[in-house]
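Visitor: Input: one structure, supplied below.
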Amino acid sequence: MPQSGATSTPTGDRTGRRTASAATTGQAAGAPAVTRITPELAHRTRAVDIFPAEWVRRSEHDFRVTAHWPAEHSFFGPVDDLHQDPMIVAETLRQTTMALAHAEFGAPLDTHFVMRDLGISTAPSELLLADAAEPVTVDVVCSEVRRRGRGLSSMRTVMEFHRAGRLVARGTGSMGCTSPAAYRRLRAGRAAGPGTAISPFPPTPPVPRELAGRRRAQDVVLSPSDRPGTWLLRVDTGHPVLFARPNDHVPGMVLFEAARQAATAATGGGVFLPSDLASSFSRYTELDSPCLLETEVLDELDGSGAGDGVLGRGGGDDDGRGAVTVRVVGLQHDEPVFGVVLTSAPHRRAPGPPPAPAPIPVRVLT
C-alpha cells in the first residue's frame, strides 16, 4: 500500500509492545494517529491485493480500520453483474488481524501465523458493485490476547463492517503465532523455498469454470474426482494471488476458496453468494499430497416468494434458488484437515452474529 506522511517504527504505545514497522501519518494535536497498512504488515506482495488501508487506535484492544473493496480485482472480482465477492470480507479480516498483530501487539514481521478458525456473516444484498467506491469502516475488538514472554502467542479478533452507514458483515477469527525457530522445528523438512524437500502435488485439470462459479479458468481450485459430490483440491503454486509468497503448505485463503467452489459445484454451479461461512482447521494441508473435498448439502429451502432476493435489492431479482447450506470437509490420507460450512441465502438481511467454527476437532499447532 502506498505510504503517506512520516514513516516510523512504533514504540512505547500503551502496551509497550509495538515493534513492527508501520507507516504513520501526522495528525493535528490531540487527534489519534493513523497507521497505514504496508504489504509487510498484510503479508501481501502487491499493493493491489491489500484491502484494509489504515487504522486508528480507540482503546487498548479496540481499533477502527478503513478498508477499500475495489469493483474490479484479478481474483476477488464481481461474482455476477451486481455483487462483489463476499469472500473479500474474509480476506479483509485475515489481513487486518495480521497487521494489528504485528504493529499493535508486537508480533515480529517474520512471525508465522496459524489460523485456527474464521467465521463471517454477510448481507450479500449490501455488497453491491454500485457501492464499491464507498470506503468500508471496520470496527475491530481484539480479545483472548495471550502472550509468551513479551511476544504475542495468540489472539482473536471480532469485526463489524459498515459501508455507507449500513451494516455489511460481521466476522471473527482466531490465530496463533509461531517464531521462525519454532516453525522450523514444527515443520522440519518442509520449509518453503528453493531446494527444499517439498515437491508440490502437480496441478490437476480444473473442472469447468462455470461449475466452480468462477469467471476465469486459472482461478479454479477444483479438479474432478471419481466419487459423486467430491472434488480434488487443485493447487497452482504459480497463482499470483493465492500463492503470492513461498509457502510450505496450502494457505488458508486457498482452502476458503476451495470450499466455496465445492459448495457451488455441489449445488449445480453458477452463483453462490455466501451469507455465512464457518471454518476450522485441524492440521496443515500439505502441498505434496492430494486433498479430497467432500461435500454434503445440509439444507435447501424454497426461495419462492422471498421478495428481496439474493441477486439484488427489491423483489423480482431472485433467480429461484432458495437458501442452501453446504458442509465441506478436506481430507488428506483419509484424515480431516479442515472443515467449512457455508450458507447462501436469497433474502436481504442484516448479518447476524458470526457463525461458530465448523464442527471438526482443532489441534493447536503452535
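Glycine is treated like the rest: Cβ placed from N, Cα and C.
The compositional bias 'Polar residues' annotation in TrEMBL covers 1-10. If you look up TrEMBL, you'll see 1-37, 345-366 marked as region 'Disordered'. Residues or ranges marked as compositional bias 'Low complexity' in TrEMBL: 18-35. Taken from TrEMBL, the feature domain 'A-factor biosynthesis hotdog' covers 43-174, 213-297. Look at TrEMBL and you will find 351-360 tagged as compositional bias 'Pro residues'.
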Visitor: For the domain 'A-factor biosynthesis hotdog' (213-297), give the DSSP counts of helix residues, strand residues and coil residues.
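Guide: Counting residues per DSSP class in the domain 'A-factor biosynthesis hotdog' (213-297), I get 18 helix, 23 strand, 44 coil.
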Visitor: State the mean pLDDT for the domain 'A-factor biosynthesis hotdog' (213-297).
Guide: 94
Visitor: Please list the DSSP helix, strand and coil residue counts for the domain 'A-factor biosynthesis hotdog' (43-174).
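Guide: Going through the domain 'A-factor biosynthesis hotdog' (43-174) residue by residue, I get 26 helix, 62 strand, 44 coil.
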